[in-house]
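Enquirer: Structure provided below as structure tokens; questions to follow.
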Amino acid sequence: MKLVHDIPGLKGNVQVPGDKSISHRSIMFGAIATGETKVTNFLQGDDCLSTISCFRKLGVQIDLQEDQVVIKGSGLAGLKEPEDILHVGNSGTTIRLMMGILAGRDFHSVLIGDESIAKRPMTRVTKPLQQFGASIQGRKNAEFTPISLNGGPLQGTTYEMPIASAQVKSALLFAGLQAEGTTTIIEQARTRDHTEKMIKAFGGKVEVDGLKVSVQGGQELKGTTVHVPGDISSAAFFLAAGAIVPNSKITLKNVGLNPTRTGMIDVLSAMGANLQVAPYENGQAEPAGDLTIQTSALKGTVIDGELIPRLIDEIPIIALLASQAEGQTIIKDAEELKVKETNRIDTVVNELRKLGVKITATDDGMVIDGKSAISGGKVSSHGDHRIGMMLAIAAVISKEEIQLEEAEAISVSYPNFFEHLQSLIAE
Ligand SMILES: O=C(O)C1=C[C@@H](OP(=O)(O)O)[C@@H](O)[C@H](O)C1
Ligand SMILES: C=C(OP(=O)(O)O)C(=O)O
């Protein structure tokens, strides 16, 4: 598609769609709890719809109307053997977290996904689950899909994670909730804690002590209401756009501000962005607030260490932001980018280079030189939603036309992205 380019400014308010990580988990907890769960502001992106479709195949009644979902859970024991393969589409969160649930169920199940999922590593979850006693098979020693599980009794265990991953932590917590005894996960760095918060919201207990997270098996979870805040990973595209497009002022309403997710705010502040954060005081489990960004004079920064898991999905758009700053930006300790929907070090660097950005790939990140003019050309999302949105924001600051291939991938996390972008374009 031809992207909108060379616009005079971005002005107005946007309510970004519901948080993807929280939306997935609301379906999963609703399905394994007893009683009714209501979810408001649910993200109807392709990934979360894949999660709904998998749980329907497990016999769970899920009613989806507009952005509200009602789930009728009958507890873990109420999940039924699926008669068909469970297809997770493009969603790493769906497949990895579901493995933690299915490992302890007394039936056979098979998980597959699209071409991208077929290349993403699974032993990060299947290996520790085998330590719980789970029976899991897959290509290359359970590294790749199709993955098949013969669920059964699990034994609680202590597991020190070799990587920073909320998906791995969450899968093991789901296994721990149905294992005998205590399960303790030791994180390498703090990752998003939506699973821990949701265990509590559903009436369960989880103990967090620094980087150690423990749960007891056999807890009964009870259905509840989940209010999903807007997704800061989606807001990130408009935060960047507001900062780099001249003559802009954008307010993003009801954005999730869980501190395990707000690395983008820290980076914008470090780069000198004109950003205001107005948190709500509504006592919700997941904090939220309004963010207002204005055109800013940015400077380069270094992004590494414990900051990385707090902004891992925002790195593609941060690379574009850095290309408009004064000086150099260095992103390191981000090897995990190589195993996302695409190898995001390579796709970000290759696509931005096509548009004239001075950017170099490193083993664990990238180095970006600032103040590049964005030239026209033909680019592709390579089927990766976050790359597609980043390139659409690159186009708005280009004087020349940019064509985006595989734009449809954007509906994975932000189905109305182009509508929202259009609504902000100043007359
Ligand atoms: O737990 C989650 O909801 C997610 C965790 C992150 O993945 P990793 O756990 O692989 O870092 C993130 O990249 C993904 O978009 C969503
Ligand atoms: C990495 C992502 O998602 P997932 O791992 O769920 O496919 C993402 O949304 O950027």
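Glycine too: its Cβ is placed from the backbone N, Cα and C atoms.
When I checked TrEMBL for this same protein, it listed these features:
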type     : residues                                            : note
DOMAIN   : 9-421                                               : domain 'Enolpyruvate transferase'
BINDING  : Lys20, Ser21, Arg25, Ser165, Gln167, Asp313, Lys340 : 3-phosphoshikimate binding site
BINDING  : Lys20, Gly92, Arg120, Gln167, Arg344, Arg386        : phosphoenolpyruvate binding site
ACT_SITE : Asp313                                              : active site, proton acceptor
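Can you tell me where each of these features sits in the structure?
Expert: Reduced to three states, the DSSP call for Ser165 (3-phosphoshikimate binding site) is coil.
Long-range C-beta contacts of Lys20 (3-phosphoshikimate binding site), restricted to its own chain and to partners at least six residues apart, with a cutoff below 8 Å, comprise Leu43, Gly45, Asp47, Cys48, Thr93, Asp231, Ser233, Ser234, Ser413.
Cβ neighbour count for Asp313 (3-phosphoshikimate binding site): 24 (other Cβ atoms within 10 Å of its Cβ, all protein chains included).
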Enquirer: Checking the binding-site residues Lys20, Arg25, Arg386: which ones have Cβ within under 6 Å of ligand 1?
Expert: none
Enquirer: Output the one of Ser21, Ser165, Gln167 that, of all these binding-site residues, has the highest number of other Cβ atoms within 10 Å of its Cβ.
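Expert: Answer by Cβ density within 10 Å: Ser21.
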Enquirer: So for Arg344 (phosphoenolpyruvate binding site), how many other CB atoms are inside 10 Å of its CB?
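Expert: Taking every protein chain into account, the count is 25.
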Enquirer: Using the alpha carbons only, what distance in Å do you get between Gly92 (phosphoenolpyruvate binding site) and Asp313 (3-phosphoshikimate binding site) once rounded?
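Expert: Cα-Cα, rounded: 13 Å.
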